[in-house]
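Data first, discussion second: the structure below is written as structure tokens.
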Amino acid sequence: MSMKISEKKFNDRVGDGIQDSFMRGAVSSAQTRLYTNRLKAADELGNWEEWRELGEEIRQHTLENLDYYLMQLSENVSKRGGHVYFAKTKEEAAKYIQDVAKKKQAKKVVKSKSMVTEEISMNHALEEIGCEVLESDLGEYILQVDNDPPSHIIAPALHKNRTQIRNVFKEKLGYENSDDPYEMTKFVRKQLREKFMDAEIGVTGCNFAVANTGSLCLVTNEGNADLVMSIPKTQIAVMGMERMVPTMEELDVLVGLLCRSAVGQKLTSYVTVAGPIQEEEVDGPEEFHLVVVDNGRSQILGSEFRQVLQCIRCAACVNVCPVYRHVGGHSYGSIYSGPIGAVLTPLLGGYNDYKELPYASSLCGACTEACPVKIPLHDLLLKHRQVIVEQEGRAPLAEKLAMKMFSMGASSAALYKMGSKMAPAAMSPFTSGNRVSKGVGPLKNWTDIREFPAPSKERFRDWYKDHKKGGDK
């Protein structure tokens with residue numbers, strides 16, 4: 001899988017999402033639950049805004065000194081016996097991982113959940129050279145079996161219910177039991193455990209890399225990443241170049257923010273800090289590789305969008321977004337969905353494929369308020385819109401003409417007065433009662449799904465004149 005998950009046009013993807021009543025119900029329920037849990041966890045911590053400010057400060061400091069911390073990380077990983085590779089492009093990253101697999105003559109690879117490995121199409125690259133790649137995260141495993149893309153950053157199978165999952169397991173894996181979650185989880189556990197033991201290579205992502213120790217931090221709810229890191233003889237960790245922290249002290253702050261913002265917990269079930277195996281350690285990989293991926297991030301770092309790199313992938317913005325609530329994750333056409341996806345995806349994938357995403361927002365600002373590291377997401381969405389209009393001339397000719405006419409009318413008192421007088425008569429063939437009828441010309445996309453009030457026959461100026469102090473009415 002790559003970052004792009006659909007070839008459909010944006011409007012078609014949105015239409016599919018709106019028509020999927022189960023998905024919208026599941027997303028609404030999950031958003032409400034995660035939002036409530038996040039507020040409770042934040043309240044328990046106390047002075048949440050101060051923690052957010054500290055998180056923002058840490059992320060900004062790290063990005064401002066990213067070259068220093070990346071070199072420090074590389075030196076310390078190398079000192080501990082690991083190998084570090086800096087990949088400028090996603091193709092370079094995938095090729096390096098292919099080369100490691102070829103060198104090890106690997107046939108089976110097991111991996112934990114990782115957005116950046118999907119971004120670089122790692123699974124496809126390994127399958128090209130004959131490797132079987134197994135997802136060990138339960139949600140990702142379900143989607144892999146069903147050949148379905150993720151719809152949420154931390155809950156990839158959010159759009160499926162247990163009956164659908166049971167049917168997938170029955171059709172693809174021969175599962176014969178009920179749709180009870182416990183039974184299905186037990187079935188998957190047996191499937192995965194057997195393959196864990198046979199895998200030659202384990203691949204993980206990286207929530208944070210600690211510069212001064214050469215360590216990686218992984219945060220999971222299932223413990224699958226621990227097995228990926230400890231059973232296979234070779235481990236490959238893949239990280240976006242921005243996922244750095246200077247020391248364990250900063251890591252402590254960001255993990256606390258991540259867990260509370262993502263799922264409303266003080267800590268997830270498993271927080272693991274590890275790296276290349278040391279002489280005194282009894283388990284872990286014999287060989288360790290760290291792949292640091294740029295893939296456009298250095299360009300973002302030097303642009304007006306650099307604040308998006310503060311993201312810690314908690315999905316708090318996704319869990320409060322009203323647009324995501326109604327259209328779901330697949331509508332974004334990218335592995336990165338929600339407000340963070342609408343900002344990040346056009347930067348990584350370009351405006352040609354993703355120029356609609358910055359407009360998939362009501363600009364309500366809920367995402368900015370929810371972000372634990374204070375990324376001004378709605379401001380960045382507006383910046384995208386500005387760039388698109390200036391560079392791409394996105395607006396259709398009819399829209400440009402309509403806006404030009406409105407600008408002329410709104411800036412002239414005489415024209416505005418004349419227009420307000422003519423509007424009721426001009427719209428009368430299209431009105432029913434006090435509302436505009438459905439399917440009216442260029443207003444169709446609005447009037448088909450929302451009530452559009454008909455122009456009032458009484459102008460405000462006339463009403464005010466009659467009702468001002470001393471008036472008769």
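Glycine is treated like the rest: Cβ placed from N, Cα and C.
Distant neighbours of the domain '4Fe-4S ferredoxin-type 1' (302-332): 5-6, 10, 13-14, 16-18, 20, 23-24, 27-28, 30-31, 34-35, 38, 55-56, 59-60, 63, 115, 149-155, 158-159, 207-208, 242, 254, 257-258, 261-262, 338-345, 347, 357, 360-362, 364, 366-377, 380, 383-384; these residues of the same chain sit at least 6 beyond its ends, with a Cβ under 8 Å from one of its Cβ atoms. Per Swiss-Prot, domain '4Fe-4S ferredoxin-type 1' is recorded for 302-332.
The [4Fe-4S] cluster 1 binding site feature in Swiss-Prot is assigned to C311, C314, C317, C371. Over all protein chains present, the Cβ of C314 ([4Fe-4S] cluster 1 binding site) has 26 other Cβ atoms lying within 10 Å.
Long-range Cβ proximity for C367 ([4Fe-4S] cluster 2 binding site), meaning a same-chain Cβ under 8 A and a gap of 6 or more residues, is found for C317, V320, C321, G338, P339, I340, L377, H378. Annotation comment: Swiss-Prot describes C321, C364, C367 as [4Fe-4S] cluster 2 binding site, evidence class sequence analysis.
The domain '4Fe-4S ferredoxin-type 2' feature in Swiss-Prot is assigned to 351-380. Long-range neighbours of the domain '4Fe-4S ferredoxin-type 2' (351-380) within the same chain, counting only residues 6 or more positions beyond its ends whose Cβ lies under 8 Å from a Cβ of the stretch, are 4, 10, 14, 38, 51-53, 55-56, 58-59, 254, 257-258, 260-261, 305, 307-308, 310-312, 314, 316-317, 319-323, 327, 331-334, 338-343, 345, 387-388, 391-392, 394.
Under a cutoff of 8 A between CB atoms, and with a sequence separation of 6+ in the same chain, the neighbours of C364 ([4Fe-4S] cluster 2 binding site) are P322, H378.
When Cβ atoms from all protein chains are considered, those within 10 Å of C321 ([4Fe-4S] cluster 2 binding site) total 28, not counting its own.
Neighbour density at the Cβ, taken as the number of other Cβ atoms within 10 Å, is lowest among the binding-site residues C311, C317, C371 for C311.
When secondary structure is read from DSSP and collapsed to three states, C371 ([4Fe-4S] cluster 1 binding site) falls in the coil class.
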